[in-house]
Amino acid sequence: MTDVIDGNALADQVFDGVSDAVDEFEAEGVTPGLATVIMGEDPASQTYVNMKQRDCEKAGVNGVHVEVDGDASQDDLLDTVADLNDRDDVHGILVQTPLPDHVDEREVMNAIDPIKDADGFHPENVGRLVAGEARFKPCTPHGVQRMLAHADVDTEGKDVVIVGRSNIVGKPLANLLMQKADDGNATVTVCHSRTTDLEAKTKAADVVVAAAGLPEFVTGDMLSEGAVVIDVGINRVDADTEKGYELVGDVDFESASEKASVISPVPGGVGPMTRAMLLYNTIKATRLQTGVDATLP
Ligand SMILES: Nc1nc(=O)c2c([nH]1)NC[C@@H]1CN(c3ccc(C(=O)N[C@@H](CCC(=O)O)C(=O)O)cc3)C=[N+]21
């Protein structure tokens with residue numbers, strides 16, 4: 001039987017833990033706050049940010065939403081970030097990507113106060129993570145780790161193949177899973193578009209993480225029998241649905257689930273866990289800024 005990880009149910013457990021932590025903060029007169037900043041009108045970004053704000057409401061986190069006009073300057077966006085850095089009621093800040101072409105994403109990430117960096121993308125936090133002293137783990141890699149633990153997948157000594165080398169998923173996840181401190185202890189191979197004979201590598205893997213941003217790229221014939229498959233892809237492909245698109249992962253679920261012992265679906269897998277770990281980081285940030293030791297979810 002293939003175990004299909006229910007990312008929504010697992011995320012709900014984390015959200016419950018966040019609510020409990022919020023109660024602990026409230027008892028000390030603190031309300032954790034998360035600011036989401038969106039610049040421009042990208043429809044997918046609007047959807048995601050709305051979901052994040054709904055999560056905040058559900059968990060009792062103070063959600064602060066800021067919209068910056070798509071035609072505004074980079075300096076306007078940096079001013080917005082600076083204001084949020086200064087606000088005592090905002091403990092976590094997320095600037096939704098992609099940003100308009102005239103804005104340098106790196107400059108914006110660098111401007112976020114590292115202690116409020118709910119995404120974990122600031123170079124100081126990237127450096128800490130690589131050094132084995134993670135402060136804010138990026139949300140998607142952290143969510144993947146939680147999903148593996150939940151499915152009783154112990155990666156110690158196992159071969160993990162990550163398909164995709166992005167700064168937000170592939171690179172940080174590789175670092176986490178190879179480390180001792182995170183009970184990863186895996187042998188990690190990072191594959192990408194220039195990898196020769198990808199199939200030989202995925203076939204030899206105990207765990208395959210698909211994070212290339214390519215719809216249904218990883219198929220069952222690329223997997224070994226009993227492999228663990230985590231699908232990080234969230235691709236909108238045109239379809240004859242009400243919304244005009246459907247969500248598909250980077251894994252061809254039908255063929256892959258015939259081989260896999262454990263698999264995560266899209267939607268309902270990594271996506272909700274990414275949002276849950278965003279609130280986890282908000283709780284962690286609030287602890288660091290207030291000194292109140294609320295229980296981490
Ligand atoms: N600074 C920044 N931080 C991010 O974390 C970030 C970002 N920018 N830019 C875009 C990506 C994408 N992302 C998603 C998170 C959750 C779902 C999610 O919850 N998806 C649901 C349903 C989605 C739907 O119904 O459309 C699911 O997979 O079940 C999707 C996508 C965060 N991102």
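A Cβ is built for glycine as well, from the same backbone N, Cα and C atoms used for every other residue.
Annotated features in TrEMBL:
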BINDING   Gly164, Arg165, Ser166, Ile234  NADP(+) binding site
DOMAIN    5-119  domain 'Tetrahydrofolate dehydrogenase/cyclohydrolase catalytic'
DOMAIN    138-288  domain 'Tetrahydrofolate dehydrogenase/cyclohydrolase NAD(P)-binding'
_Among Gly164, Arg165, Ser166, Ile234, the binding-site residues whose C-beta sits under 6 Å from ligand 1_ = Ile234
*binding-site residues compared (Gly164, Arg165, Ser166, Ile234) - highest count of Cβ atoms within 10 Å*: Gly164
*Counting by DSSP, what is the helix, strand and coil composition of the domain 'Tetrahydrofolate dehydrogenase/cyclohydrolase catalytic' (5-119)?*
61 helix, 19 strand, 35 coil
*Give the maximum pairwise CA distance in Å, whole number, for the residues Gly164, Arg165, Ser166, Ile234 listed as binding NADP(+).*
16
_Local confidence of the domain 'Tetrahydrofolate dehydrogenase/cyclohydrolase catalytic' (5-119) - pLDDT mean_ = 97
